[in-house]
Amino acid sequence: MGSKERFHWQSHNVKQSGVDDMVLLPQITEDAIAANLRKRFMDDYIFTYIGSVLISVNPFKQMPYFTDREIDLYQGAAQYENPPHIYALTDNMYRNMLIDCENQCVIISGESGAGKTVAAKYIMGYISKVSGGGEKVQHVKDIILQSNPLLEAFGNAKTVRNNNSSRFGKYFEIQFSRGGEPDGGKISNFLLEKSRVVMQNENERNFHIYYQLLEGASQEQRQNLGLMTPDYYYYLNQSDTYQVDGTDDRSDFGETLSAMQVIGIPPSIQQLVLQLVAGILHLGNISFCEDGNYARVESVDLLAFPAYLLGIDSGRLQEKLTSRKMDSRWGGRSESINVTLNVEQAAYTRDALAKGLYARLFDFLVEAINRAMQKPQEEYSIGVLDIYGFEIFQKNGFEQFCINFVNEKLQQIFIELTLKAEQEEYVQEGIRWTPIQYFNNKVVCDLIENKLSPPGIMSVLDDVCATMHATGGGADQTLLQKLQAAVGTHEHFNSWSAGFVIHHYAGKVSYDVSGFCERNRDVLFSDLIELMQTSEQAFLRMLFPEKLDGDKKGRPSTAGSKIKKQANDLVATLMRCTPHYIRCIKPNETKRPRDWEENRVKHQVEYLGLKENIRVRRAGFAYRRQFAKFLQRYAILTPETWPRWRGDERQGVQHLLRAVNMEPDQYQMGSTKVFVKNPESLFLLEEVRERKFDGFARTIQKAWRRHVAVRKYEEMREEASNILLNKKERRRNSINRNFVGDYLGLEERPELRQFLGKRERVDFADSVTKYDRRFKPIKRDLILTPKCVYVIGREKVKKGPEKGQVCEVLKKKVDIQALRGVSLSTRQDDFFILQEDAADSFLESVFKTEFVSLLCKRFEEATRRPLPLTFSDTLQFRVKKEGWGGGGTRSVTFSRGFGDLAVLKVGGRTLTVSVGDGLPKSSKPTRKGMAKGKPRRSSQAPTRAAPAPPRGMDRNGVPPSARGGPLPLEIMSGGGTHRPPRGPPSTSLGASRRPRARPPSEHNTEFLNVPDQGMAGMQRKRSVGQRPVPGVGRPKPQPRTHGPRCRALYQYVGQDVDELSFNVNEVIEILMEDPSGWWKGRLHGQEGLFPGNYVEKI
């Protein structure tokens, strides 16, 4: 774009590494796709396109092309101009949001460790760089960027597959103003993996924040929080893994504290957050021993520090960990009894408290970020979905089941929108198309989430949890039996002795049902809630706001039902946006650069459906748009379509495509949409559009400079002031302002222009407040033309195809001559009453002086007499009679108040307006550098002369009496009281908390291999076994019989909207010949009038 020289990390002088867009591959097979990705990966090109879909391969190293130079390179550039990059996709989202006024979202998918979180960071960073804004906007940008290290510290952890694995899902909405400035945001978080707080698998870590705190805390913090080395804590030493390659926990701790500061968390609350994290670590070191079948705390000394950090009594903590209060009902009476727990139950209670504390702390941090970015109303947004990837471990439990279910839903969205919906659209629009087969994973989603006929796995699980009385393995075995009965015959389900198998789109996964029911119940006992509500720290009490006094009614919600609802809500949110896709691929399990595992990549290529995606994109169309939206976006390309096309929408689209010389085989016309085949053709349209805007921007600049130089409204402003002189107080901030006229920008508002006459000039247009019979304020648009006053409102359509949409409605149209007068107060308020024949209008506008002055001028021109103006502090206006309700009058009384803002008080049929004193009634505007002499206003739009007509004819070859001259169209457009223990617990006490022993089988790493593809893989192979013939091109239209035609002898530029423009030698189809000399014809799909003496018949 432009002549500016571009530099890039991929120079055009070096060898081409594979193909940038895999639609161009000569062979479409999984082998060819994987080979192209490998070639580019080995040459350090990690991004590749499939049409508009971006494929990203995790390089496991920092790449050099994410600097400010690349941001400048991709900003505003078309996709084809530069090599594939995540910045190109982000820029496309950002520009489409502003141009099409539509919310956008990007769905980042891939298995764990494929690079999804890093991709989300680059998207946020790019948007922060390219969007403008002042100090407030910069603050929002800082929060958006700093939310990443904070949420990663508390929500990410090292797993076997990924050193920085997201153990929660998030959907980050960046909200924008209409000018494209990020001025707000919102985070939705899903399914934090709470179990990781109390248990980790081998070679994994707990959440990053624990290790950051232990490494980065100051000496004072270590003393106050009783911090030791990680191997001292039971909640950290089970996996015997404390360090991560390439991770500096001490440095990251500083970033986490800085992020909390930016987000607005006060230092005192930051200290309490860290105190809570340390308290959870110390809580985990409380162990239990058996004492006559009951649990007893093994070392009472270990109670002191967690109780101190949590602000609770150590005796109550011991009591709640080893006993539980249970309510029983007998004969209509209820009583509470204390039940002593055994060792297993006590350990479960301790872990439940730790998980509950951490989960509520995480929710607090997310809410703190949302509060810092909150804005009163939503305008535009870009959503970034960064959610846990599909994962398979040696032992897969309830968390993996939920994670893989959400990924299954995301795969379904991709199938619905890129494979299924696209092909169905071609059929509906009448585009010739040969269907392409693919595996639809909806059958797997139904297996998991169906409610009835047959019930899905989640429904069976909820049913077992609602009726279970046994705990532990008893309920889990009941679940397994019921699953076998409900879905045992499903082709994507198998059961085994300790669990079940689901044939996911990404392969077969074996789930161990042990703990499924307990984790699905997700209940925090009321004893523990009561315990935390006794904390001396208000912050901790705030995390437990439950009211436990009332009776509990209804079945409590389960973790499974929550994640199912969240997943479906997420899908609904994504479907309301224009989606973009990033498909992340993990090249190896070693996490090393340039290590390529062919089988692993081919498996991902297959289950991600890349081959089918390429085939649909290759045989299909890169771009499709409804006729009306296409015309709206590209209307500026031709004079005939700007500001709007007045003929048939289909013909308007064809006219635009012909105007840019697009080849007919590059597009097809559907019944309601235009389909453009290649991206290059679309880029052509965008380039021409930008050049047009550039030219018009220069014209606007010239007009603005001329406006500033002339200051033509100085005299008009003084005339308006004379109307109110010695009659009404003036406002200080408005007496010297310039008059603009059109404050609504009617040139760009066809929905408002439709109520005006075809050539009706606009003197004034503004959004005002109208007060009804009950003095209820309603927004209206007030438009003044030389003949009429228009009041336009908005209503929701109740019938028809546009049902539910809000449309503009003409509420009132009053002829200037029908006005009886205008009433105003003597104070500095903005109210006025338009007195009419039927009923009056009580309005409020900050530009009342400008409106009243123009209204007086137009009234005098139409009636040859001045408009009656009334100035009084007691006014009345008549209201329209409705039904049985009386019409009558309403009174408005103005009184002296305080300040410049009016205070309204309604009492029956009277409104009292109080406002402070303004400038004296004798105030006049100050003349600032007005040019001498009255500025001249053009009364007619400029015209372009046509070639000289034949002798005896007037301009444009028409007798002077044949047609009237063009009418003017003139639109003015603007602009603790507990004492701490004497020291940290001794190391000897912690020595009893040794890592748990592991059976030899747990060291098996076969789960890291590429998973068995299962039934989903077999169905994919069956569905794509035969390659269909790609859809044929656009059928050749039948030749149309021609009527009489003529050839242009001279160039003619139309002087009105119903006239044709043409160049020399263009052939026009004659529709009608009129004796007046004006003929009617058709050219480029548009009909209009033209002078007959400018053409010759052929």
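Every residue gets a Cβ built from N, Cα and C, even glycine.
Pulled from Swiss-Prot, these are the features on record:
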BINDING   G110, E111, S112, G113, A114, G115, K116, T117  ATP binding site
DOMAIN    17-690  domain 'Myosin motor'
DOMAIN    693-722  domain 'IQ'
DOMAIN    728-917  domain 'TH1'
DOMAIN    1041-1098  domain 'SH3'
MOD_RES   S1023  phosphoserine
REGION    913-1009  region 'Disordered'
REGION    1021-1044  region 'Disordered'
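Long-range C-beta contacts of K116 (ATP binding site), restricted to its own chain and to partners at least six residues apart, with a cutoff below 8 Å, comprise I108, S109, G110, S166, D386, I387, G389, I582, C584.
Broken down with DSSP, the domain 'SH3' (1041-1098) shows 3 helix, 28 strand, 27 coil. If you take the C-beta of G113 (ATP binding site) and look for same-chain residues 6 or more apart in sequence within under 8 angstroms, you find N58, T159, R161, N162, S165, G389, K586, K591.
Model confidence over the domain 'Myosin motor' (17-690) stands at 88, taken as the mean pLDDT rounded to a whole number. T117 (ATP binding site) carries a helical DSSP state (H, G or I). Long-range C-beta contacts of S112 (ATP binding site), restricted to its own chain and to partners at least six residues apart, with a cutoff below 8 Å, comprise T159, R161, N162, S165, Y388, G389, F390, E391, K586. In sequence order, S56, N58, G389, C584, I585, K586, Q604 make up the list of same-chain residues 6 or more apart from A114 (ATP binding site) whose Cβ falls under 8 Å from its Cβ. The Cβ neighbour count for G110 (ATP binding site), using a 10 Å radius and every protein chain shown, is 25. Sequence-distant neighbours of T117 (ATP binding site): residues of the same chain at least 6 apart with a C-beta under 8 Å from its C-beta are E152, N156, N164, S166, D386. For the recorded ATP site, residues G110, E111, S112, G113, A114, G115, K116, T117 set the reference point as the centre of their Cβ atoms, and the other residues of that chain within 8 Å of it by Cβ are N58, N162, G389, C584, K586. Long-range Cβ proximity for G115 (ATP binding site), meaning a same-chain Cβ under 8 A and a gap of 6 or more residues, is found for S56, V57, N58, C584, K586.
The C-beta environment of E111 (ATP binding site), restricted to residues of the same chain at least 6 apart in sequence and closer than 8 Å, consists of R161, G389, F390, E391, A506, C584, K586, Q604.
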